[in-house]
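Heads up: the structure comes next, in structure tokens.
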């Protein structure tokens, strides 16, 4: 380890006094002007992780759905998955170390993780379209260089594309060709193969309006469009030519405000979707003939995909186990539909993609989506091998065709991470194959009215939860108060959980009407305020 090089570069990327950051599911995120030292140090850490795993490691510079003035960074592990939890701790420790302690922290990580410093290191880097991202990427490169690592800068890519590229690099091309063009070719070929029968039957052109959140998704969709069949007509809005990233647009805005994004005009019953700033989330929506807005979020995307896969599995006749993974935020109607109508087992995990991804790996086919639109499908190695074998060798034509369609889904979905482009193409394929309009898809089940609120508290750590965050065990008396409030309303439930990043408690409530959901959410918020050390203004009904 070259102490002089580390010290020299470190001086160029000084840590601001008093700044403490935590590496979470989304990596580090804060104001862009506070991140220079973090980026440099994550370059250092990526080299150590690469040496330890003898693999290519990814570093993505993005703050996803956050405002344009924010930025962030996350490391991508060898198979395109999120950074291992023990290394999240190393990331937090290294980011917060004082200047004179950086070398000692690196030495401690090497010791604890048995890093062979003679091992070569390869890092691939990507960034979103924020004004700060190019400079911060250079800070990552400085960190990689200081520890003698090699790097390849892919420049502007979506977050899911970098996850894909890391996986391709470390599987020697088995997952796909490790180029952005390879990504376009793999997904588009799978989409064409999955839909060719339907489109070749003279199916009319299918138009889709896409709000790209003024982010990287627009740039990449424009590059990909000529790979896709002309029957799929994509109309891009908020394409980055004007407007601020994620400002009054994008998947997070549409989901949380339950209304159309700025910059898009929608006729009645037109199918629309929104990406977020780094294109790893997607939600669909439309306005009905009366002008009412209808959101089709991650729950309904998971329901559409898992229902389609279940039907194909029944045709193939193989005993492959499919499961859907949700969080407590999933609408109760979606859980009921999947379990009671589709007979698909549903499992609930703590909030955070890493928890859903890990649980989904327990099934032959695991479908997971957060309500915010981040999700994907995982196929076990056993399931994938069996499906590809049946697609090639099955003598029964109907079974072979179903197996071939499953094989197309394997190639179309980005199994490394939630991917707005990949998810969009799979949804579009399923809708055309099943002949479903956006209204028919929306009508599969009716969401229970719900409300999300947050309560400011002096210390969020006074809240402790169990049962995948659905029940509070601390402070004493809070869960009993919630249970009593829930009994007042029909078809109702409510839960509270502490924020992962700020001193607020998040409150979720469902009930038989919007009025009752609003009342229940407010009453639960008041119980939190009273029993969990609320600060500021007392919650009151304002809807």
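Glycine residues also receive a Cβ, built from the backbone N, Cα and C atoms like all the rest.
Per TrEMBL, the features are:
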DOMAIN    51-98  domain 'Alpha-D-phosphohexomutase alpha/beta/alpha'
ACT_SITE  64  active site, phosphoserine intermediate
BINDING   64, 276, 278, 280  Mg(2+) binding site
DOMAIN    112-166  domain 'Alpha-D-phosphohexomutase alpha/beta/alpha'
DOMAIN    178-283  domain 'Phosphoacetylglucosamine mutase AMG1'
DOMAIN    297-435  domain 'Phosphoacetylglucosamine mutase AMG1'
BINDING   370, 371, 372, 497, 498, 499, 500, 501, 506  substrate binding site
DOMAIN    482-525  domain 'Alpha-D-phosphohexomutase C-terminal'
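Of all the recorded positions given, namely 64, 372, the one with the smallest number of surrounding CB atoms inside 10 A is 372.
Highest Cβ pair count under 8 Å relative to the domain 'Alpha-D-phosphohexomutase alpha/beta/alpha' (112-166), across stretches 51-98, 178-283, 297-435: 51-98. Just so you know, of the binding-site residues 278, 280, 370, the Cβ with the fewest other Cβ atoms around it within 10 Å is the one at 370. Closest by Cα distance to residue 498 (substrate binding site), from the recorded positions 64, 276, 278, is 64.
For the binding-site residues 276, 506, the greatest number of Cβ atoms within 10 Å around a candidate Cβ is found at 276. There are 13 other CB atoms within 10 A of the CB of residue 500 (substrate binding site), with all protein chains counted. Other than the site residues 64, 276, 278, 280, same-chain residues with C-beta atoms no more than 8 angstroms from the centre of those residues' C-beta atoms, the Mg(2+) site, are 62, 65, 128, 158, 159, 215, 251, 275, 277, 279, 281, 374, 420. Distances between the Cα of residue 276 (Mg(2+) binding site) and those of the recorded positions 64, 370, 506 are shortest for 64. Of all the recorded positions listed here (64, 278, 280), 64 has the Cα closest to the Cα of residue 506 (substrate binding site).
Taking the C-alpha positions, the distance from residue 370 (substrate binding site) to residue 280 (Mg(2+) binding site) comes to 12 Å.
Note: the CA-CA distance between residue 278 (Mg(2+) binding site) and residue 64 (active site, phosphoserine intermediate) rounds to 5 Å.
Calculated from their C-alpha atoms, the gap between residue 280 (Mg(2+) binding site) and residue 500 (substrate binding site) amounts to 20 Å. For the domain 'Alpha-D-phosphohexomutase alpha/beta/alpha' (51-98), the DSSP-based tally of helix, strand and coil residues reads 15 helix, 14 strand, 19 coil. The full span of the recorded substrate binding residues, 370, 371, 372, 497, 498, 499, 500, 501, 506, taken as their largest Cα to Cα distance, is 19 Å. For the domain 'Phosphoacetylglucosamine mutase AMG1' (178-283), DSSP puts the residue distribution at 40 helix, 18 strand, 48 coil. Put simply, residue 64 (active site, phosphoserine intermediate) is 13 Å from residue 372 (substrate binding site) when counted between their Cα atoms.
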